[in-house]
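Peer 1: Encoded as structure tokens, here's the structure I'll be asking about.
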Amino acid sequence: FKGGDTCEYLLSSGRFLGEKVWQPHSCMMHKYKISEAKNCLVDKHIVFIGDSRIRQLFYSFIKLINPQVKEEGNKHENIPFEDKSASIKVDFLWYPEVNGSMRQCIKSWTEGSVAKPHIIVAGAATWSIKIHNGSNEALTQYKINITSIAPLLEKLAKSSDVYWALQDPVYEDMLSESRKMITNEKIDAYNEAAVRILNSSSRNSKAKVKVFSVSKLIAQETIMKSTDGLHLPESSRDTNAMILMNVYCNKIMKPIDGSCCQPEPPLTLIQKLAFCFFTLSIIGYLIIHLIHRNNYRKNKSCTDLESGEEKKPAVSTPGVSTLEMLLQSFCKLGLIMTYFYLCDRANLFMKENKFYTHSSFFIPIVYILVLGVFYTENTKETKVLNREQTDEWKGWMQLVILIYHISGASTFLPVYMHIRVLVAAYLFQTGYGHFSYFWIKGDFGVYRVCQVLFRLNFLVVVLCIVMDRPYQFYYFVPLVTIWFMIIYATLAIWPQIVQKKANGNCLWHFGLLLKLICLLTCIYFLSYSQGAFEKIFSFWPLSKCFELNGNVYEWWFRWKLDRYVVFHGMLFAFIYLALQKRQMISEGKGDPLFSNRVSNVLLFISVICFLTYSIWASSCKNKTECNELHPSVSVVQILAFILIRNIPGYVRSVYSSFFAWFGKISLELFICQYHIWLAADTKGILVLVPGYPMCNVLVSTFIFVCVAHEISQITNDLAQIVVPKDNSTLLKRLLCIAGFFSGLLLFSSMQDQSRH
């Protein structure tokens, strides 16, 4: 790690991902939309001064503000541009040589009479080479002229952003006869002179003229596609313009996926308090550990010389061991959260943009599937969706989703639609699992609810504090939390209908079905009434949890996208448990689920349905239209998979321990990937080993999985302490948690006011 300013990297180094995607060294580049460009450059005056190559850059830049602009008119004259809606002025000044005329123009801005531009982009050399036939005298004069201009540019750099664009290489074979004297050797000599003079001039000055040298690297890869051997192809010019926009606008707009030129965000009050808490936890744990170690040495077992019996050490009190476990958990969590912060908030590690290729997605998928099949074991029980099977299901789905995220496969619609089914399948399991528990156990106690809510939300709440992100940012956890509460409310409200009660009277089954129909009606109403949905979740303090970027639209979109699948999971659980109770299915080891004929027919239908959905998803052309259909049809592939996985007795009797291991920590994997595997809040990729992509993925993945596993252990340990079974103790803890969140809301409101 060299350190330094990411702006320098953005302006000087990078590489192509594929043919058209430019990747700056060590940081991520944001692709600015028209509205974003206008918001950044409002009331700004930008000047491009130089030759035809600078004019090309000028046109590419203003097309970011207004794509309808056409390159027409006299090319060898000044060209003004103005966007009145945002009060943006962009001028091109025709000065093809670095001479007295250019110096006079720049000098006029240093004098008080003329308003200084906010951004100045200058550069020229090829005309000097052409007019003087590449003579050495012309190069000498160029050095003299740029030496006289350098102090003026420095003076402007104190109040404006000043960039000197180096000359791009040419494709000599394509140059016309009148341009044959413009060789890459000459261009390199002129560039070397400009860099040396500008750097030596600003060595003792705080204000620095930024050298725009990255265009050379881009041109080296693309100049052969030029139409005349001199001017860059349009895609390369657009990349240069986007780099300029990132250099100036990232520090103003602060886009999540634009880490170049962004300063490290200042610590908030809540982050500072969290840092103090974790520091005290570490100190407290070390003190208790040293005390216990000292006591252990004093009470260490030793043999009594007279009796020959071994003396037993004193047993430590339970209270101390609980405190030690609590401090140990927070100590480990504090170290892990430090790593999270360093990865995705401090400018310590590099970040890169994602770039999708089919091979980057499908090859890892095949690899993990082979590994999963290799680790096949017999299940402890052979019921439909037994524990090992659901863990396996969660595991392989989570691994596929992780590969989907790191490969940037969301840009490929067929893959996106299949991943949507995997997310829906998680929610289906939420409906199935919680309904089955409440229906069979009939346990609607506070302890069960608190245990589930704690395990789901603990990590996310800690990350919201440490990473300064809203709760809704980790959208999947709010989603499963709300659906758990909906399932609980549906079954817990009067009349409480559970399996034991329903077995005594079949009419209770109809009562439960009536409850499910009411739930479906509410879901249907809210999905088509955005206003009602937003009113419910816009009330304080719910709004603090579910708002993202000042509104709850993102939450409504996420909820609506899989609105029916939890209901489908509950209904499937009800039907399956009813069939199981009436012994209409066979779940013995190696036995098919139904009779041979019925099993074969259902298996055939399931395979057809599974493939039909995949064909439909693969033929999707419009994401919006497919998302509209997804909530209603995703259950087809989910049910088809369940039947294919469970109808054959042998398939139901085995599972992959490899996938099941990942399934047990699937929630932690999903959340941790945001900051320590991906980067810039999932928009990019974390780079721990620069220059070696495969090695980087191996190292970052190993750390990421270890951290997720450790957090899962910490969450389980803390759940036993924070959520005890004793009701009176639990009530006290709940009051403490309520006080904690009240304080958190208070500090959050103070932060919001200070930001505004």
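Backbone N, Cα and C define each Cβ position, glycine as well.
So TrEMBL says this about it:
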{"type": "DOMAIN", "residues": "22-89", "note": "domain 'NXPE C-terminal'"}
{"type": "DOMAIN", "residues": "253-734", "note": "domain 'Cas1p 10 TM acyl transferase'"}
{"type": "TRANSMEM", "residues": "269-291", "note": "transmembrane segment"}
{"type": "TRANSMEM", "residues": "355-375", "note": "transmembrane segment"}
{"type": "TRANSMEM", "residues": "395-416", "note": "transmembrane segment"}
{"type": "TRANSMEM", "residues": "446-466", "note": "transmembrane segment"}
{"type": "TRANSMEM", "residues": "473-495", "note": "transmembrane segment"}
{"type": "TRANSMEM", "residues": "507-526", "note": "transmembrane segment"}
{"type": "TRANSMEM", "residues": "561-579", "note": "transmembrane segment"}
{"type": "TRANSMEM", "residues": "599-617", "note": "transmembrane segment"}
{"type": "TRANSMEM", "residues": "629-647", "note": "transmembrane segment"}
{"type": "TRANSMEM", "residues": "659-678", "note": "transmembrane segment"}
{"type": "TRANSMEM", "residues": "685-710", "note": "transmembrane segment"}
{"type": "TRANSMEM", "residues": "730-747", "note": "transmembrane segment"}
Peer 1: At a threshold of under 8 Å on Cβ distances, which of 355-375, 659-678, 730-747 pairs most often with the transmembrane segment (685-710)?
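Peer 2: Answer is 659-678, with the largest number of Cβ pairs below 8 Å.
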Peer 1: With an 8 Å cut-off on Cβ pairs and a sequence gap of 6 or more, do the transmembrane segment (561-579) and the transmembrane segment (473-495) reach 3 or more such pairs?
Peer 2: yes
Peer 1: In the domain 'NXPE C-terminal' (22-89), how many residues does DSSP assign to helix, to strand and to coil?
Peer 2: 19 helix, 16 strand, 33 coil
Peer 1: Quick test of the contact rule: Cβ under 8 Å, at least six residues beyond the ends. What residues does that give for the transmembrane segment (730-747)?
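Peer 2: Result: 269-270, 273, 446-447, 450, 465, 541, 544, 722-724.
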Peer 1: With the transmembrane segment (659-678) as the reference, find which of 269-291, 446-466, 507-526 contributes the most Cβ pairs under 8 Å.
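Peer 2: Ranking 269-291, 446-466, 507-526 by Cβ pairs under 8 Å to the transmembrane segment (659-678) puts 446-466 first.
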Peer 1: Calculate the per-residue pLDDT averaged over the domain 'Cas1p 10 TM acyl transferase' (253-734) and state the result as an integer.
Peer 2: 92
